[in-house]
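Since the structure comes first, as structure tokens, the remarks are kept for the end.
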Amino acid sequence: MKDEEMQRLKSQQDRREEEYGRLRDTMQSAYTDMVNAATTLDHAFKFRVRNPPAKSIAYMYKEKDLIGAKASDEGMYKRSVANICEAQTCRFRLQSLRIEVHKVVTNNYTDSSFQIVEDHNEVSAERNSLKDQKPVGEREINGFEYQIRSKDEDIRRLEDEHELAMKDIRRLEHELVMKDEEMRRLKSQLDLREKEFASLRIAIRSACTDLINAVTTADDALKFKNKSPSKKGIEHFYGEENLYGAAKSDPY
């Protein structure tokens, strides 16, 4: 029964590992989609601004900071904590991306470092193009946020299952310890009974030897005193049922 229980828990552990693997693959796919979205918004930002920063928008989003970061192999619990932290980091980055999109669309050219050289028609066309791209970016961001919430729920569910499995393992370990203690106690009692039986056998054997010696001595004394002793001697006075402290059956 213990082996079957351990096998069942190990099977549950393997299934959780597979779910974590699928979760990491999904997060990696979401990371790739987010990189593509950031690239698209970066192109829009460069098209909108004549002197964009050299690093562009993408410098804010590094692989180690996003959902697709590689999980460590230091244990299921640490991976769960890392996934939660990554989800929080991704949520913060998504909010930053939303702010950047808003800045690109609503920028009124107040910064003197950006020089506007296009005519009114070109500026209007660029503004309209950026406004058209904004809903697409908003939908992608909302999709990423939904994926993050879904993955958070999966992580919490897996953590709950892991905690239940650990409780079962601790319960089984406690039961094994209690059974081992019970076996040791029973063995100790058995050893004590064996010692008592051995002492009792020795005492009975000694008492029988003393009784035989006493009967032999009394029989020899009777033969010496009686000129015509019984051929059976004194031993015939004591039957098997009269051995321990019984009165003599035939006084002399």
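Each residue, glycine too, has its Cβ placed from N, Cα and C.
What TrEMBL records for 141-189 is coiled coil.
Here the region 'Disordered' (1-20) is broken down by DSSP into helix, strand and coil counts: 19 helix, 0 strand, 1 coil. What TrEMBL records for 1-20 is region 'Disordered'.
Looking only at the coiled coil (141-189), the predicted model's pLDDT averages out at 89.
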